[in-house]
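J.: Below you'll find the structure I mean.
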Amino acid sequence: RTSLDIEEYPDWEVQKNRILTLEEWQDKWVTHKIGFHQEQGHQLLKKHLDTFLKRESGLRVFFPLCGKAVEMKWFADWGHSVVGVEISELGIREFFMEQNLSYSEEPIAEIPGTKVFKSSSGNISLYCCSIFDLPRANIGKFDRIWDRGSLVAINPGDRKRYADVMLSLLREKFQYLLAVLSYDPTKYAGPPFYVPDTEIQRLFGTKCNILCLEKVDTFEERYKTWGIDYIFEKLYLLTKK
């Protein structure tokens, strides 16, 4: 029996009071505890790229909790406009450095004490602030959202607020690609947090059609240290109802 046959754990509420502060996330970057970063990019995104982009050009693509995701460079190279938000200034600077991109930085006028980093080419803008402060910056609306390592990192108690921010950023004919993880939340406290199908329906079901594109077994040796014996990743496509 593979993990793909395992029934999803019935609820996530065992994790509902788990809280990580923004400072704790920033510390992960300082101490280089960024196991969530994928240097080669995300395999399921590569596989379902045509479904996501529909061969359209000049799209505005949003990366919530972007870290230094290499896919931001891919999308910019393909002629799209990329906007990300990330609490760690270190993560943002590492992105531009590792991708060999020159950039400028300027304060975000609407959010005192925060900055936006922009590639010299002008097609990548990364906002260094909380995702919940971001709407004040009037960043406009998006054709696409690539949500990987974001919803699963948000404190479970903040998910509804998060989903409302995401939905407020979408244009009429949007495609929202969402990657979540499934494991036994009684054995590991997160993050990344467990987000079952029922939770995606609760958060997005009133506004979106929700299609599960794929479910893959992503178990590796390192997950044994979490105390779990299975984990799989699910990729969802959200579109307008």
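Residue 1 is the first one shown; counting continues down the chain.
Including glycine, each Cβ sits where the backbone N, Cα and C put it.
Whatever TrEMBL says is automated annotation, not expert-curated.
When I checked TrEMBL for this same protein, it listed these features:
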- 25-36, Leu65, Glu86, 130-131, Arg148: S-adenosyl-L-methionine binding site (BINDING)
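Could you place the listed features in the three-dimensional structure?
T.: Listed in sequence order, the residues of the same chain lying 6 or more apart from Trp25 (S-adenosyl-L-methionine binding site) and placing their CB within less than 8 Å of its CB are Ile87, Ser88, Ala153.
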J.: List, in sequence order, the same-chain residues at least six positions removed whose CB sits under 8 Å from that of Ile34 (S-adenosyl-L-methionine binding site)?
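T.: Set apart from Ile34 (S-adenosyl-L-methionine binding site) by at least 6 residues yet with Cβ under 8 Å, we have Lys28, Gly67, Gly91.
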J.: Same-chain residues six or more away whose CB lies under 8 A from the CB of Thr31 (S-adenosyl-L-methionine binding site)?
T.: none
